[in-house]
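Features as listed in Swiss-Prot:
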type	residues	note
BINDING	30-33, K51, 87-91, G415, 479-481, D495	ATP binding site
Amino acid sequence: MAAKDVVFGDSARAKMVEGVNILANAVKVTLGPKGRNVVLERSFGGPTVTKDGVSVAKEIELKDKLQNMGAQMVKEVASKTSDNAGDGTTTATVLAQSIVREGMKYVASGMNPMDLKRGIDKAVFAAIEELRKISKPCTTNKEIAQVGAISANSDSSIGDRIAEAMDKVGKEGVITVEDGKSLQDELDVVEGMQFDRGYLSPYFINNPDKQVAVLENPFVLLHDKKVSNIRDLLPILEQVAKAGRPLLIIAEDVEGEALATLVVNNIRGILKTVAVKAPGFGDRRKAMLEDIAILTGGQVIAEETGLTLEKATLAELGQAKRIEVAKENTTIIDGAGEAANIEARVKQVRTQIEEATSDYDREKLQERVAKLAGGVAVIKVGAATEVEMKEKKARVEDALHATRAAVEEGIVAGGGVALIRARTAIAGLKGANADQDAGIKIVLRAMEEPLRQIVTNGGEEASVVVAAVAAGTGNYGYNAATGEYVDLVDAGVVDPTKVTRTALQNAASVAGLLLTTDAAVCELPKEDAPMAGGMPGGMGGMGMDM
């Protein structure tokens, strides 16, 4: 085991804070409508240009072990916020940096870090309750478009595309983002279905960039039992191989010898297959397999219907134009099922919804209707160059997450103003002692920081703008894109409540951990072994007396 270095107290914290600052300073320049770009080096190909906070954070690894620990903890803030809310990564990083910076001053002056953390947690809880109160539901297409535009760095065309896609497939529908072929963004709505089961082995992946398995014009085999013996599958595999098309196997499970054989065939390019588990459990699994069968124009191979795997033919298999299998979900696009059969199935499920007695059953049945009838919307991102395409695609994906979050929990005024307004709930808050009061003050100061950074990135004086916004009420705030003080919700500058809430929660959580850290353990760099001794130089012993 390698030797470890243990650093205590202020020495450990100071180094970790340096790491926090390096990462946060690189990320925060991207905040707001006038945020700057960050260029990321790639080991091959040209550099990537981005204004996405989490993309910048993920690239940062520092040489100093302690600094790197601090940076990685704040990277966690950005990643968690991105995973939970899809946006707000830069805001979360700015909040975390501010809480750490202010908190360290109090720790250095001798205050109790645990009480500071309790004060911080108390203030954050009050602020989140206030955010929920001032939140308003996001229902209209216009509001959805505004959220999408803000999240895509004030690009209204992206917001409009997302609103249009949600309008076409419904709020619950599946929306995916792909590379376009032209300079313009395009929207395609394709009949399709997505369920929450992914590939059973990563060896099925054939698109390493997106970490997905893509099958073009495949057959779909549906089976309600486990498949472990390859002999059961051989007859149908031979028929599919002759047809020269890929195959998706959806069964209760595919394991052992059967899975190994499919993987080997896939790697050798003999037969392109992907195996996934059937979605749902029990009776619901049977119903969902039946849904997929109707959508793809196939049949479920089950003993109840008198069909067995050994005797299955291509006629019993479903078909689709394209299927994408990711780690955790499978999307079937343009199934070959008859429209009339799909319509009849939807009608049948809607009848079951009306008769359902439990909320859970009703919710699951509604999900099935959305999957059968909703389809999949594909936003094709257009750009002039590949670098621009990648950057724009990342923004569209961010905006898509943000709009989903807005539909889920509502919207608040954007531009850092919601956090300024939520401070009113903290202003009168009192802790159990002076140290907890200091923790509350830390959060009060931190909640100004996103607005300050947005204004600074826009080239204006932050203190003046913060004072002017704090003096106002409601949605009155500073629109950094135009440099005017307006009602931000009317101007379309809005943030999803979930994004603002998640950013504050995650920032406080990780910053609290950093403040209460009193020792850090890291590996010492390995010392290079000394070089083996060699023969002395020159021609020893060959001297000549003159």
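Every residue, even glycine, has its Cβ placed from backbone N, Cα and C.
Mapped onto this structure are the features recorded in Swiss-Prot.
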residue : record           : contacts (Cβ under 8 Å, 6+ apart)
T30     : ATP binding site : R36, N37, V38, T50, K51, D52, G53, V56, T90
G32     : ATP binding site : G415, Q453, I454, V455, N457, G458, A480
G88     : ATP binding site : T81, S82, A402, D495, V499, T500, T502, A503
Secondary-structure category, per DSSP, in which T90 (ATP binding site) falls: helix
Which of K51, G415, D495, the listed binding-site residues, has fewest other Cβ atoms within 10 Å: K51
All-chain count of other Cβ atoms within 10 Å of A480 (ATP binding site): 26
Three-state secondary structure, A480 (ATP binding site) (per DSSP): coil
